[in-house]
């Protein structure tokens, strides 16, 4: 009942965060070599750079409770082994109860593909890793990565194609991010102890600095207002609030599972010899 009341209240109050023009309207730089650049049309691009001495990061100025989040990324080209470029959403309360949605792009040696590593935490519990080989070179141009988070499910999309879904199964006692606001972060950092081929390939610092580029960040989302969370229909597109996969979307997700997914915790019998976690049955 509590869940239903909260969802109804959120949807009843009708407003939405505005579309974003400049990245710096909604993003704040945090540390390291984070720069604001401009393309030939005058649109902002943010760069994150990693070298042997420092990482870099930015984050959204606002926290959100549900929304659709889109950002274009152009990843580190050529030799990127050991590097991890990330976008993620995370709560800011006690860590043992934190929620998190991760997209981590694991670099590789020149000519070898990136791995997109995803994970979802709810009430401090993660371990829901799924990994993918992208069907394009993510270093040649910008591509759009999206998170749709609503009371029904979490969807991760690449260029509009769904690659992962986690349903809300709280009725079956499976934790789901529902009550805590999250903030969007992006960062680049060194993880050569595990990121590339299980840690066998280390970061070649002679190739530094490593730089990834970000543009067109949009948060179409529920935002804080006078101690309440306001979302629903408004000047923007609010279809995300009730969005689930239709039959076409389910088929696209299945195609990605069949062709591009390279690891799924739900099928890891070594890790779960007594059977996969219960939420796996309907993801």
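Even glycines carry a Cβ here, placed using N, Cα and C.
Predicted, not measured: the structure shown is a model, and the values here were computed from it.
As annotated by TrEMBL, signal peptide applies to 1-21.
Per TrEMBL, domain 'GH16' is recorded for 9-214. Across the domain 'GH16' (9-214), the prediction's mean pLDDT works out to 92.
Within 10 Å of the C-beta of residue 100 (active site, nucleophile) we count 18 further C-beta atoms, all protein chains included. Per TrEMBL, active site, nucleophile is recorded for 100.
Per TrEMBL, N-linked glycosylation site is recorded for 108. Non-local contacts of residue 108 (N-linked glycosylation site) by the CB criterion (under 8 A, 6+ apart in sequence, same chain) comprise 80, 81, 114, 115, 196, 197, 201.
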